[in-house]
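Below is one structure, written out as structure tokens; comments come after it.
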Amino acid sequence: MDLSLPDVRGMTELDRAKFTKEVTVPSVEIQSKNVGKSMSVFKKYLLKMEKLKPVTEVQGNDERRKLLLDPILFDTLDKLREDDQQKLSELDVNKNSFSNTCLHLEYHNFRMDDVFKAVLPEGKEGCTSYSRIGHIIHLNLRDHLLPYKNLIGQVLVDKLIGVKTVVNKSSAIDSTYRNFQMEVLAGEADFITEVKENLCTFKFDFSQVYWNSRLCTEHERIIKLLPQKSVLFDVFAGVGPFSVPAAKIRKCRVFANDLNPLSYYWLKENVRLNKVENIETFNLDGRRFIREQMPPFLLARPTEPIHVTMNLPALAVEFLDAFIGLLSGVELDLLLDITVHVYSFCEESSAFSEMRTKVESALKHSIENEQIVELVDVRDVSPKKHMLRLSFRIPPDVLTKAAEEETSSEPKRLKLDLETQDR
């Protein structure tokens, strides 16, 4: 079936009236009482288009129904398997039951992909990927698609159920808190949204905090790594994708921190929303959080496994120096079980060796193979850049090392391409 629409190629502002087309499709008439029985044969051949029912009434005959078939999938009765032909014969369906039906298609009948294929430049990558955050669609449009951005946004609002807002990211940000700069392409400028992930509900203002739906699997992996009733220090907690399910599902005691005051606000809101009580929240620089909140807990000689998540890939490794001398002058009569999960961006060609070298350099201490829990390639950020996680048990000598001159805990301001802004 030819769904080409030559008159709309290059359209930059959506004109729904131009999406009209007459097409002819095969159809078959069947007695109404036999429609259900015939589906064992015809179900896989039915025409599937938006807002178009493949089973219709036959005008002037209440006892018969017409089935619309996809011309790409269905050829002729003779091409069906013999057993299918036999079934249809028993239902009084023969060659005379088939005919062609002319359909008048309009904008609402075309799938989103069909609209984009008809409009966007031929021979170039189309609008093939997006992230959904509740009612918000987040795009990262390539330069050749920018002239079509408003049309793309409106089509997404039209075609995706429950979508009210479509935004496109800007090329770069300059923010201590990594606020996400965006342009509204279509729909309402309503950025307060809710997302369900790992049996928890997260509410936040997408324009003020960072959320990446592509990290859902990684969030789940970490939650599964946490033993029941263990302890979690979440250094860069954001709105709580690690902290909240750790407390709710794994019954962990959680210390959750984020420097961004708005992330901190929504973190507390998500603690309340999910009715978890075993979380303490902090609004501190990550290095200060580690050095102020961990020692009192560690000096109490805890017996529970302790996990530390550091999901700020652009900078997290730099904060590992906060562990150096954290328990300086303390004799550890009990070996503390502390596992750190730290994230960073690495070049594809040397990702695994680069990640280990970065961590050892920041700690000023080697990590033995038996201290490495796992090294995971979390996701491809770009063709040559990967986001990695190294999970390792921190060497006791790092914690008890004689204290050195403290590194400033002032937050760093970086201008980073949003493609590297994952947490």
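Note: Cβ is positioned from N, Cα and C throughout, glycine not excepted.
Copied over from TrEMBL:
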type	residues	note
BINDING	HIS219, ASP258, LEU259, ASP285, GLY286, ASN311	S-adenosyl-L-methionine binding site
COMPBIAS	409-423	compositional bias 'Basic and acidic residues'
DOMAIN	130-396	domain 'SAM-dependent methyltransferase TRM5/TYW2-type'
REGION	402-423	region 'Disordered'
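Per-residue confidence over the domain 'SAM-dependent methyltransferase TRM5/TYW2-type' (130-396) averages out at a pLDDT of 93.
Across the binding-site residues listed here (ASP258, ASP285), the residue whose Cβ sits among the most other Cβ atoms within 10 Å is ASP258. Neighbour density for HIS219 (S-adenosyl-L-methionine binding site): within 10 A of its CB lie 21 other CB atoms from the protein chains shown. Long-range Cβ neighbours of GLY286 (S-adenosyl-L-methionine binding site) (same chain, at least 6 residues apart, Cβ-Cβ under 8 Å): VAL235, PHE236, ASN257, LEU259, MET310, LEU312, ALA316, PHE319, ALA322.
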